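The following features are taken from TrEMBL:
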BINDING   His69, His120, His195, His391  Fe cation binding site
REGION    134-180  region 'Disordered'
COMPBIAS  138-148  compositional bias 'Polar residues'
Amino acid sequence: MESSIGNKFTDAVEFKVRSTANTNVVYFNGQLLALKEDSPPYAMDPVTLETKGLYDFEGQLPSLTFTAHPKFDPVTGEMVCFGYEARGDGTPDVCYYSVSPTGKFTEVVWLVAPVVAMIHDFAVTDNWVSEPVPRSVRGSTLTPNVDTTLFGGHAPSRRQSGRCEGMAVSRPPSGVTGSSNPMQWFQYKNSFPGHTANAYEDEQGHLVIDLGLSEKNVFFWWPDAQGSAPEPSSIVSQLVRFTIDPQSEKRALSKPEILQHGNSEFYRIDDRFATCPYRHCYFDLMDPQLGTDLERIGPKLGGGFPLYNAVAHFDNVTGETEVYFPGDVHLVQEPVFLPRKDSTTEGDGYILVLVNNYETMASELHLLDTRDFTRAQAKILLPVRLRQGLHGSWVDGRDLNP
Ligand SMILES: [Fe+2]
């Protein structure tokens, strides 16, 4: 179903239920939560996949919105979340909250952002939460545009002369409630922050935030206020690292380090190392040199997302990249990491990735072993074609409590 973000004219049930729950799905405290960032989650039974309904955590959810990218602290078991436009369409309010492993809200912090802007993903460390906000010098980038909304388009509108800002909020120790958290704003030049790979604090207490960054509007289907948008094939996103001193008075962020120069997005890690220093990152890559026959499959693509033709593994220690190329008529969706049974070593396991075969026009699941990354161990040929999609999660059957 076509559903725009933050546009009540494209609600799943007009003016009543906004969410189509079509962005991400996560497992938490015995339930699957299907997410779209302008709405509360939909709860689902993790065994039967039965939809239970919109879920407000037994009345605890303080915000009208809930990010599609909650983070899970592997040490405390908390789910750390936020919502933007948290008091309704076009409001500058951001609500950040932590939920204990048993579903109790332990921390709720209301913030007022200087601009209203789309905040799709964020970063969490032991002591800080950071929200990359794309905004423009005047007005905001990816900010709700009422005129566009009224005409039924996507709510966000992006202007070109913008800049990327980051909001860092201190995070209290697990179980501590009601603190008044300091908030810091940092700014970077015009750019588009993509998905977060991981974040952690280094020995100096600086925030290390790895994410995708593009100089162009990755959401090319949302043109700027003048109606212009980049040509999709010209958009390049790279995995970069911002290092931020949260106590610094300096507001301008230094240029990030480019960790991996390829055109990439949809970064995933071994989630057991989320919020911690980590070594391995897995993501989608577009490398025309790999030999994808775009001329042949182009007419079948049907537009949509930026295209990625391979899955990559970047090693933060060696700086090396391994690439899995699924075939010349194939494109990939987001990978997910599965730990090897009973192994606790970071990155020891498997990559599962949904692959679109544009020759058969059916979808395939390819399984890679991280010990032998460049070839598939198994291919599951699905009898259907799944649409080009976004995010997903792996849930170990042993973690279910039906
Ligand atoms: Fe996303």
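Keep in mind that glycine also has a Cβ here, set from the backbone N, Cα and C atoms.
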- Residues lining the Fe cation site besides His69, His120, His195, His391 (CB within 8 A of their CB center) are Thr23, Asn24, Ala68, Asp121, Thr196, Leu390
- Query: Taking each of the binding-site residues His120, His195, His391 in turn and counting other Cβ atoms within 10 Å of its Cβ, which one has the fewest?
  - Reply: His391
- Task: Tell me whether His195 (Fe cation binding site) sits in a helix, a strand or coil according to DSSP.
- Result: strand
